[in-house]
Amino acid sequence: MTEYKLVIVGGGGVGKSALTIQLIQNHFIDEYDPTIEDSYRKQVSIDDETCLLDILDTAGQEEYSAMRDQYMRTGQGFLCVYSITSRSSYDEIASFREQILRVKDKDRVPLILVGNKADLDHERQVSVNEGQELAKGFNCPFMESSAKSRINVEEAFYSLVREIRKELKGDQSSGKAQKKKKQCLIL
């Protein structure tokens, strides 16, 4: 059975834990209890393939930023989450992505952009169009979700697994070409 290491990142209070617990335990946690780091595992079937999701729910607070490099190194795919009710959480997403790319030392990594708390449309500070434009700039899928209403919860995680699969297939088919490119000649 294939195992996928997913990391969920974003600012504090955007609903990372709520999304993860809704996926794993099928219930919504209403109270906000800042996460330092939690790990969850769930066996699922995605596109007729049984696989194991190893999900790392991370701290959004800045005081835990030193821990980020470590979990970014081990993650295969990243759910970048902001709250549609928080302009600042949206503005932070680019720096999370930049840190992921720097740590992974790649130009592109499997990533999904998620605008959470879609059930709070009356408190919206970030438009759907802004989310779509940011995702287009990142060259990644985008969706809005609601952990509370269970909207696009599974879809977000499953789409990320599909992105990882695409990346793995791309690495296999172009692996030989990439190895040939990395040559050094000293005269």
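Any Cβ shown, glycine's included, is placed from N, Cα and C.
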Of 32-40, 86-94, 104-112, 149-157, which span is tagged motif 'Effector region' by Swiss-Prot? 32-40
Mean per-residue pLDDT computed across the motif 'Effector region' (32-40): 66
